[in-house]
Amino acid sequence: MAKASVELTRELQDSIRRCLSQGAVLQQHRVKLETKPKKFEDRVLALTSWRLHLFPLKVPAKVESSFNVLEIRAFNTLSQNQILVETERGVVSMRLPSAESVDQVTRHVSSALSKVCPGPGCLIRRGNADTPEGPRDTSPNSETSTSTTHSVCGGFSETYAALCDYNGLHCREEVQWDVDTIYHAEDNREFNLLDFSHLESRDLALMVAALAYNQWFTKLYCKDLRLGSEVLEQVLHTLSKSGSLEELVLDNAGLKTDFVQKLAGVFGENGSCVLHALTLSHNPIEDKGFLSLSQQLLCFPAGLTKLCLAKTAVSPRGLQALGQTFGANPAFASSLRYLDLSKNPGLLATDEANALYSFLAQPNALVHLDLSGTDCAVDLLLGALLHGCCSHLTYLNLARNSCSHRKGREAPPAFKQFFSSAYTLSHVNLSATRLPLEALRALLQGLSLNSHLSDLHLDLSSCELRSAGAQALQEQLGAVTCIGSLDLSDNGFDSDLLTLVPALGKNKSLKHLFLGKNFNVKAKTLEEILHKLVQLIQEEDCSLQSLSVADSRLKLRTSILINALGSNTCLAKVDLSGNGMEDIGAKMLSKALQINSSLRTILWDRNNTSALGFLDIARALESNHTLRFMSFPVSDISQAYRSAPERTEDVWQKIQWCLVRNNHSQTCPQEQAFRLQQGLVTSSAEQMLQRLCGRVQEEVRALRLCPLEPVQDELLYARDLIKDAKNSRALFPSLCELGHVLANDGPVRQRLESVASEVSKAVDKELQVILESMVSLTQELCPVAMRVAEGHNKMLSNVAERVTVPRNFIRGALLEQAGQDIQNKLDEVKLSVVTYLTNSIVDEILQELYHSHKSLARHLTQLRTLSDPPGGAGPGQDPSSRGRGRSHDHEETDDELGTNIDTMAIKKQKRCRKIRPVSAFISGSPQDMESQLGSLGIPPGWFSGLGSSQPTASGSWEGLSELPTHGYKLRHQTQGRPRPPRTTPPGPGRPSVPVPGPRQENGMATRLDEGLEDFFSRRVMDESSSYPRTLRTMRPGPSEPPLPALQKRRRRGLFHFRRPRSFKGDRGPGSPTAGLLLPPPPPPPPTQESPPSPDPPSLGNNSSPCWSPEEESSLLPGFGGARGSSFCRKMGTERLEAGDGAPAPGTAQPPRVHGVALPGLGRTKGWSFDGKREGTDPDQEDSTQAWQKRRSSDDAGPGAWKPPPPPQSSKPSFSAMRRAEATWHIAEESAPNHSCQSPSPASQDGEEEKDGALFPERMVPARNAKEPPIGPRPPKPVAVPRGRRAPQVPGGREEAESSSAAPGANKPWLRLGSQQDQEEPEGQVPSDLGRRTAPLKPKRTRRAQSCDKLEPDRRRPPDPAGVCAGTSEPGTD
């Protein structure tokens, strides 16, 4: 600050400073102010940054007048110490005390003006030419400097402050700080009014006005912000003054027609205007503004490079003027690169569009063309583009237009010609454009002929392609190699996706696929489509990198696709938004993320996900280190936050923390990838290898004594193959370990270490050179300061010690960051190599083992033929049976392993192992999933085999049929419908078709709408479950009376499988009647509407129960389900002769057959065979018994019986369930049918059954061994089926009849399976031959007592009312 005049007192100076507290007082001078001509008065001149103040010589000081430097029109120095200032309000003349004071005032005003209006040269000249000018300081920090090259953002802050002072407004320091700090740090030359939208309109106007004098900013941007009239006036002022503003963006700023007219006038006034990009979209400028702007654009010598006039309410008349301007000004043909006229309906619908078409047909430089929503005729436009835009056009948006304004089915030739001739297209948008089939074919044919394009994004969404379009895509898309991204959303493909999805997979150039809003199909078809999609992304050569099924409303079936993401290695981005998959979908997604290592981006929202679903995702991301981005699910998060705000906030913060962690380079868990790949590679073919090795070993042992040399050579080769097969088990881990050992000190790491050392040396050398150069330059600029230093060398060494780069940092950056990324990629490649080698070797071993097995089996057959006597059949052997046996042996060789070891089947099974099975909460039954997954190569029983805890027979060869070698047979879709009962038994030549019974995966209740969509296409329940079951050997006698007409109609009814409400009771383990089934109640009257009680077949057979063909097909593999007709023929006589004794040793128990609860008919409580609701005790509601109740209530369907599970020693917790579900056995031969009433509580309660129902034998659970024995009770009559002979004991009928008259006929009937027990009489026949009684309760066996000891809580006093007269001991577990 200059020194104040000597005449000014200290008190006056302080008073002036206090008066101008808002601005710092830079100078104070005592002057003579000319108030009248030749009359001067004393005043004080105070100078601030942007204003000159005049004060009288009074205390306290008060401003008499002031003016801003921007008000100065002329500043003249009339004499050595007199100045004349001409302002907007008048002329001010004053004398200063000395020439030095005049010079100080002049330099201050000149510096202020140069900051506001930067420019070269001196702004103030002295009026007297004889007086030489003093020396001017042009240093950057001097007050008289006019250089603005070193000012921040072109001095915007100073200009803005001066304008605020000029207009008398407060200067916003936040504006100055933002510009000087943020804009300067980003080197941003775009002034965005949205950054200051929170300020008032007058403040925005001053910022825009400051741009008129600023040379730093080149772009003014404002979008979606309505600007006031003050701001718009300053925009026009800025455009009229600025010589540096190149781009103006006023998108949706509330502009009117008059503004555009004024803007056109401004362009004409400013000859130095350099504007080349103009955006006025979403403003109603209408035709008047369009015409004015078009006329002014004719005068642009350089034209425009970008013009955006989208949604401006322009008519074809305005477009015609604009097109004529483009054609009249030749500069536009070479300068215009970006043209957007979209969202103007009807703009190109008339003949006025020919002016624009003419411009487009000429050679031009257009790169981006957007004409969406303009009613453009696509065929005419493509004809114009074919001549003028093929060489440069990269973006073409023709959405929401019509293909042609003419009616006709012929494809326009422009489609094929343009798309085959374009050189640089990268984005084509034809969405919501109704393309005829011929146009679509022409488009695809043109792209298939184009060899210049690659990675083209083609948007065909909402084009209503439907079936015809899907067919065209299937035919033409395979030959198109330039499409990298294809959007087929919302095209109504629906069921056509079954064939379209595999066709899309054949295009290996396709990287991004969008299929949303195309799944409006039934549940069964939807699942098939999703499985096709799963098959597509699971292909080894799949090229897809991103997949979108957004807004498809897949709901819970989204999990079918999610389950395939776990082991998927091709997809990096997936969009699952808008599918309503709920929390169960989030849980399935979390399981996939735990093992996936390829996904980088997941988009999911609008899925009804709660905080629990997000919690599952957060837990999954803890073990996922590769997912980088997850879109913020606004809809689901807001909904979850309303219900659980704290949990939702914590979970989302955890998700974000995991994503931030994953975005940093780090080590990927290779051990997890190794274990996952090992399970998928080795376990797929390991079982086949083991079985083949076992069979070949048996054949080698059988042929080891054969003296023939060729046979011995094959045996030696077979032994070598077996050895290789055993070694192949360790092939995968050994190769992985070898790669890991070699990688520790491999050439890559050695090279990285050497590079780190070289980089460290290079960094040191570079720093040395830089420091020496900097010190030398500093010495030249500031030699005195450098001389003060102790010496050049010492300063250099001190600086070098401070700016050195540590070697550990360089080594860590190369080895731990970049090197780790390289190592992760190297590990992925090594794992793929190991997988390929292992698969190749295992496939070769399987083929060779199979060929060896076939050859050795052929030798065995020849030896058996030679060893047979030439006389034919031996004694007691039927020649036909022996021939059948030989043919069966030969069939075993081919049928058990299939016609060949199909490696494709193994690959399909491996692919299926990569897909997680569908959750039981989602799927109705595993059988439905198996039938729908046939095209994927999933063997029958695969899902049930994965979810079953039952062990399979490892020594059985029936499991080899799990690898299918040919397609599935066609099956009638309606054969599962309920049918009326057949009166004629099927002939021996008509085989029974096995029908798998419906089961559920985890016993949970199905949804209410489950099964409604595919009701008429799948079997709801077994036919035999609707009626009382009979043994296979039982046939109703001819004397059986026919059923009533009402009952026949009910049985033939479609909904005969429905149960009455009384079946919904729950039979818990502690129920009073859980272990005792009462005798049948009396027959009902004709008006009773209860269906016949479904009774289970006998379980007392010691060899195998007499299953019906439907029941045999429903068994699990290894438990009789795959034995076939030969096993039934072999076991037929044994079943009839074995009786009801205990099971023979080594005989497998039948497994539990799980049933599926029908919609609305699932049992929430227990039900009994006699149809009576059974209650439960309050003390049964513990966790274990509740789980058993769910299993027992959901595993059995209506009318389904429950065979016992595996032996008690393996699953002791199920003993109570088995005893509760045991049934009675009928032991005696039935006499003529007599309806008997039983004095049971069931009959007293009014429970009734229909006459003529057939009741097989029933079983009663064993009581506790510690209870006192119950004395013999008189036998009670039971209903027995007619036409059935009782099983014969070894003693014959005479022995049985003789024992019937002996005393002690009420002796319990034992079922121990021994010869002694078999010789005992089975029951006492009473004197009344018209009645037959059931046997008494048997003695307790050790195994039954051991079963009781496992559950002591079942012990309770017996119920004498529920004990029948005679019982039969069921087969022990």
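Placed from the backbone N, Cα and C atoms, the Cβ positions cover glycine too.
As given in Swiss-Prot:
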type: COMPBIAS; residues: 138-151; note: compositional bias 'Low complexity'
type: COMPBIAS; residues: 981-997; note: compositional bias 'Pro residues'
type: COMPBIAS; residues: 1007-1022; note: compositional bias 'Basic and acidic residues'
type: COMPBIAS; residues: 1047-1062; note: compositional bias 'Basic residues'
type: COMPBIAS; residues: 1078-1097; note: compositional bias 'Pro residues'
type: COMPBIAS; residues: 1098-1108; note: compositional bias 'Low complexity'
type: COMPBIAS; residues: 1218-1228; note: compositional bias 'Basic and acidic residues'
type: COMPBIAS; residues: 1232-1243; note: compositional bias 'Polar residues'
type: COMPBIAS; residues: 1269-1278; note: compositional bias 'Pro residues'
type: COMPBIAS; residues: 1345-1358; note: compositional bias 'Basic and acidic residues'
type: REGION; residues: 126-151; note: region 'Disordered'
type: REGION; residues: 864-902; note: region 'Disordered'
type: REGION; residues: 970-1373; note: region 'Disordered'
type: REPEAT; residues: 333-358; note: repeat 'LRR 3'
type: REPEAT; residues: 422-446; note: repeat 'LRR 5'
type: REPEAT; residues: 453-475; note: repeat 'LRR 6'
type: REPEAT; residues: 510-536; note: repeat 'LRR 8'
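Residues 372, 378-379, 390-403, 409-413, 415-416, 452-453, 455-465, 468-469, 472-473, 476-477, 479-480, 487 of the same chain lie 6 or more positions beyond the ends of the repeat 'LRR 5' (422-446) yet place their CB under 8 Å from a CB of it. Residues of the repeat 'LRR 5' (422-446) grouped by DSSP class, helix first, strand second and coil last, total 10 helix, 4 strand, 11 coil. Taken as a whole, the repeat 'LRR 6' (453-475) shows an average pLDDT of 95 in this prediction.
In terms of DSSP secondary structure, the repeat 'LRR 3' (333-358) contains 11 helix, 3 strand, 12 coil. DSSP labels the residues of the repeat 'LRR 6' (453-475) in these numbers: 10 helix, 4 strand, 9 coil.
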